[in-house]
Amino acid sequence: MAWPRIFQRGALLSRFSHHHMVVFLLTFFSYSLLHASRKTFSNVKVSISKQWTPSAFNKSTELLPVEIWSSNHLFPSAEEATLFLGMLDTIFLFSYAVGLFISGIVGDRLNLRWVLSFGMCSSALVVFVFGTLTEWLHFYNKGLYCSLWIVNGLLQSTGWPCVVAVMGNWFGKAGRGVVFGLWSACASVGNILGACLASSVLQYGYEYAFLVTAAVQFAGGIIIFFGLLVSPEEIGIPGIETEDNFEEDSHRPLINGAENEDEAEPNYSIQEGNTVTQVKAISFYQACCLPGVIAYSLAYACLKLVNYSFFFWLPFYLSNNFGWKEAEADQLSIWYDVGGIIGGTLQGFISDMLQKRAPVLALSLLLAIGSLVGYSRSPNDKSINALLMAVTGFFIGGPSNMISSAISADLGRQELIQGSSEALATVTGIVDGTGSIGAAVGQYLVSLIQDNLGWMWVFYFFILMTSCTVLFISPLIVRETCSLMQRRQTRVLNE
């Protein structure tokens, strides 16, 4: 089996400069900060609910005038406040999903650095107004909260398509799986960062949790504006298209099923003066028609539903099903993220060695079905539960990270469009936007199934969605597996 050039002796030093490392870190932490603000909202829900409802020791006491003493009581009970907070989650996910489709198109037409910086800074201001300014002014309004969270979802959606596009500009397809697998841990790091920032100041009031998160995110947006290099061409380094077009036959784009014998002419042009011609962004419809985009988008809608359900519901499931303390359940749920980080990195490495993604995904998702069956029958033991949780995260979180990052980059840099059009951000927006719609619908369905049928049927639902993920990419799995076998037979005959 041929090793990708990036793993061969001396290839890493020759291909990657300190600029690559800076881009890796800046994009990693920019998305981590966006995820941190989402996690902050989850961590302060209890405090917000208490602020929006009457205090227990005041229920039997009528304080006059009522307009002053009860102005912050949006809801008569904590249950109604919790329901509204859950509705805000759904509103955010739907607006985020819609925004992903728009942000991808905008990112391919404007400077990615501008779009990402604008999204981070503007989102930070919205978070500040939502959680801090309204509390300082004691202004509480359900319509305002909903409007702000819709805007926040749209602004946060600028993050993922832009950072994936920038990473795709800097890192070629050789080694992209392992690089993106490691890089996609940014969301998990952001969750941890958000929890730490919120818990450090929550004792002073939930508004300060929003203030600290918003301030750090705004500062990150400023750093991105002045420090991020969108592509190697900005500093005179040859683009990855130039390098990738001279790869040998075995290093063709990983989402292509067939390996044509006829070598196509490099699909890029050079102007006089050795400057790359200005490329044109493709339309939304053209991006959808690219091979593999619709298949992976539908597959990701099913898989992200399962992955985000674990993200939102895992601590509640552990507390509700096993009777463990909320703090213990929160700490234990980290093992799912750990499994996802390891899974995304290792599976990306294997797919780089095979130069194919779909067969690796297929095997992982089939094993994910078994891990879901095993985890649904986990005993009331924290150690065993953590182990099964990590295994489940490995086989579900790993493929989810790979589709949203490495595969999206592959899809946006196919030979069909390479060097003649920009599609990376648009394709990433389509894939992640479709996935987010599935995740938004899934949160409601999980709640409905759990209330009426119980947790075991929730796991049956997860198994069904994981099976649908395999079904949607089955043509790609068959095509790439056959191509892999043909290549192996050719190598054996040549030997």
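Here the Cβ of each residue, glycine as well, is placed from N, Cα and C on the backbone.
On a predicted model such as this, the values are computed, not experimentally measured, just so you know.
Annotated features in Swiss-Prot:
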- 16-36: transmembrane segment (TRANSMEM)
- N58: N-linked glycosylation site (CARBOHYD)
- 82-102: transmembrane segment (TRANSMEM)
- 114-134: transmembrane segment (TRANSMEM)
- 148-168: transmembrane segment (TRANSMEM)
- 178-198: transmembrane segment (TRANSMEM)
- 210-230: transmembrane segment (TRANSMEM)
- N267: N-linked glycosylation site (CARBOHYD)
- 298-318: transmembrane segment (TRANSMEM)
- 334-354: transmembrane segment (TRANSMEM)
- 358-378: transmembrane segment (TRANSMEM)
- 387-407: transmembrane segment (TRANSMEM)
- 429-449: transmembrane segment (TRANSMEM)
- 453-473: transmembrane segment (TRANSMEM)
The transmembrane segment (298-318) and the transmembrane segment (16-36) contact flag, 3+ Cβ pairs under 8 angstroms
no
Can you find at least 3 Cβ pairs under 8 Å between the transmembrane segment (148-168) and the transmembrane segment (16-36), where each pair is 6 or more residues apart in sequence?
yes
For the transmembrane segment (453-473), which partner among 16-36, 82-102, 114-134, 358-378, 387-407 gives the most CB pairs under 8 Å?
358-378
Count, for each of 210-230, 334-354, 358-378, 429-449, the Cβ pairs lying under 8 Å from the transmembrane segment (82-102), and report the range with the highest count.
429-449
Feature contact check the transmembrane segment (210-230) with the transmembrane segment (178-198), CB under 8 Å, 3 or more pairs:
yes
How about long-range neighbours of the transmembrane segment (429-449): same chain, 6 or more residues beyond its ends, C-beta under 8 Å?
89-90, 93-94, 96-105, 107, 157, 160-161, 284, 287-288, 293, 296-298, 300-309, 312-313, 403-404, 407-408, 411, 457-458, 461, 465
Could you pull out which residues elsewhere in the chain have a CB under 8 Å from any CB of the transmembrane segment (210-230), counting only those six or more residues past its ends?
19, 22-23, 26-27, 29-30, 33-34, 36-37, 40, 44, 111-114, 116-121, 123-125, 127-128, 130-132, 166, 169, 194, 197-198, 200-201
